[in-house]
Amino acid sequence: MPIEDVLLDLKHKIEKNLPAGVTITDVEFEGPQLVLYTEEPRKFADDGNIIRNLAKELRTRIAMRPDPRVLATPEDSISIIEEVVPKESVISSYYFDPDSGEVIIEAEKPGLVIGKHGATLREITKQIGWIPKVVRTPPIKSRTVKNIREFMRNNLKERKEILKTVGRKIHRECTSKDQWVRVTALGGCKEVGRSCFLLSTPESRILIDCGVNVGSDENMTPYLYVPEVFPLNQIDAVIVTHAHLDHQGLVPLLFKYGYEGPVYCTPPTRDLMVLLQLDYIDVAAKEGKKIPYESGMVAKTLKHTIPLDYEEVTDIAPDIKLTFHNAGHILGSAISHFHIGDGLHNVVFTGDYKYEKTRLFDPAVNKFPRVETVISEATYGNANAFQPALKDAEKHLQMVVKNTIERGGIAVIPAFAVGRSQEVMIVLEESIRKGLIPEVPVYLDGMIWEATAIHATHPEYLNNDLRKLIFQKGQNPFLSECFKPVDSHEARQKIIQNPQPCVILATSGMMNGGPVMEYFKAFAEDPRNTLVFVGYQADGTIGRRIQKGWKEIPMTGKNGSTEMLKMNMEVQVVDGFSGHSDRRQLMEYVKRMQPRPERVFTEHGDEKACVDLASSVYKKLKIETRALTNLETVRLL
């Protein structure tokens with residue numbers, strides 16, 4: 001059936017289900033949702049169940065757009081909104097978009113603008129006609145969030161056309177009578193880095209992640225040139241499980257070589273993805289490395305990105321529904337559940353996950369409506385890869401920092417900008433506040449402060465305890481005075497040239513570049529100082545070499561020659577802060593999964609870890625398993 005006939009049929013069905021006196025003028029697909037156009041937005045606002053009931057009846061996401069002729073002026077609208085919304089919400093800005101009929105309201109306390117069960121939003125629509133969308137005013141100023149919001153506002157018309165094209169492709173008619181499901185491993189199997197998979201059916205091709213192996217020049221990119229993937233315009237959608245570069249660093253490259261479809265991720269992942277992609281190409285340029293794409297491709301990716309919240313069931317292809325669930329790995333990290341066909345098959349891609357409550361996040365979700373196949377990470381899949389309890393890890397970190405400070409030294413902590421940094425920040429803030437370690441400045445360098453600002457913008461993605469602390473007690477640990485952002489080369493040099501006892505968190509986490517290397521060069525030869533590892537160190541990185549006990553580290557000198565740097569500083573590995581599940585948690589995650597899966601495939605770990613985990617799941621849980629290898633295709637159904 002042609003798409004115009006599909007829309008006409010939907011319009012007739014909607015009109016039959018609307019209450020008496022409520023009318024629509026048109027319907028159109030915008031991305032995964034169906035948009036209803038009406039001259040009577042106030043009637044829809046009167047009854048909050050109209051849209052909900054239609055969505056349930058049609059089994060699709062529905063949004064409403066008002067006719068521009070029935071909208072109040074922006075000036076009158078602002079006056080009315082400020083009468084309806086409590087002043088305690090602290091509204092900081094408005095943006096009116098006549099094309100969509102939406103008013104974007106930025107407020108410090110979005111919940112007060114929304115009201116109980118959306119009552120205040122409906123009241124706003126009843127009085128002004130506009131559809132209010134609420135975003136949080138970042139409690140810490142974020143250039144990334146500010147620029148993304150401005151960019152999206154400035155490109156609304158183009159984005160609307162993109163969404164229209166995407167929507168029509170999603171809702172096209174299924175033509176194949178065959179029924180099969182396959183997964184192709186394109187990267188990240190029996191290795192850590194360049195994660196990428198293709199989920200295929202007779203109707204659809206979905207790319208899950210497209211990462212870069214930052215620790216390797218030879219095996220940096222996934223196998224995107226294979227016939228299953230290329231040309232890229234045959235892919236229906238790209239899914240990004242989380243914002244680390246080894247899962248999303250090459251998504252803009254897809255657009256450079258012909259991809260024009262949607263990118264699905266959570267809202268925090270979108271913000272962090274932009275931050276890390278721009279930093280990635282900036283660092284590559286400064287280090288004289290090949291730049292895989294320009295900043296314009298990052299912008300194009302952003303235009304095509306469709307953010308989805310957890311638990312939001314969404315059509316992404318004619319025969320596939322996607323639902324994101326909390327993965328507990330980093331901010332916005334998602335376990336991706338794919339419902340294929342009409343109950344034909346269900347696949348769960350875990351991405352990276354943590355099956356334990358941490359300072360930042362709740363444990364990874366492992367309860368689903370249905371699941372037959374699980375594709376699980378195996379970073380710590382080795383039989384002896386057990387991590388200490390988080391409380392023990394925190395005590396270890398406190399002891400290391402305390403001892404270093406008391407002997408007049410500096411604790412340098414290489415950390416990813418996203419995830420471990422914020423976990424460590426919360427522990428350090430509490431430790432200083434309670435007097436468990438001396439009160440010293442904690443310097444944050446290399447995007448860590450900007451990433452922290454994005455965390456503060458999305459508190460609803462943090463765990464319950466942290467949300468209560470922020471919302472109910474008004475205590476935001478990220479705003480502590482002990483944290484000192486390092487926002488320039490001059491500020492960094494001041495710390496290096498005038499060394500005083502302190503803690504330095506700096507990127508990159510594996511010491512393969514970034515400002516941490518400047519601190520390392522400056523402080524490595526002083527035995528009073530300590531290098532503290534709190535995250536995974538991949539093979540081939542300087543971090544892994546130091547962990548192996550190297551006492552002389554080859555470094556590039558000022559004239560480009562190689563110089564050997566003597567390692568006199570203490571080296572401490574504080575296990576337990578990892579955002580990955582350890583061996584015990586990996587096994588428990590599968591063991592406690594509901595319903596019980598039929599098969600489990602392992603990936604994202606070295607060969608021994610992937611094989612060992614797969615073998616143990618098979619032997620102990622009696623579930624079919626396989627350690628996937630790059631470039632192999634497995635039929636699931």
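Counting starts with 1 at the first residue shown.
Yeah, the Cβs are placed from backbone N, Cα and C, and that goes for glycine too.
Listed by Swiss-Prot as binding Zn(2+) 1 are His242, His244, Asp352; the candidate from His325, His329, His396 that the record includes in that site is His329. Neighbour counts were taken as the number of other C-beta atoms within 10 angstroms of each residue's C-beta; across the binding-site residues Asp246, Asp352, the minimum falls on Asp246.
In sequence order, Gly211, Leu276, Ile330, Asp352, Phe416, Val418, Gly419 are the residues near His244 (Zn(2+) 1 binding site), counting only same-chain partners six or more apart with C-beta under 8 A.
Highlighted in sequence order, Gly188, Val192, Gly193, Ser195, Asp209, Gly211, Thr241, His242, His244, Gly351, Glu377 have their Cβ within 8 Å of the centre of the Cβ atoms of Asp246, His247, Asp352, His604, the residues recorded for Zn(2+) 2, and are not part of that set. Within 10 Å of the C-beta of His329 (Zn(2+) 1 binding site) there are 30 other C-beta atoms, taking all protein chains into account. In this chain, the region 'Metallo-beta-lactamase N-terminus' (180-383) lies apart from the region 'KHb' (72-139): fewer than three C-beta pairs between them fall below 8 angstroms, excluding pairs fewer than 6 positions apart. Under DSSP, the residues of the region 'KHa' (4-71) split into helix, strand and coil as follows: 33 helix, 17 strand, 18 coil. Taking the centre of the Cβ atoms of His242, His244, His329, Asp352 as the Zn(2+) 1 site, the nearby residues of that chain (Cβ within 8 Å, site residues left out) are Thr241, Ala243, His247, Ala327, Ile330, Ser333, Gly351, Tyr353, Gly419, Gly579.
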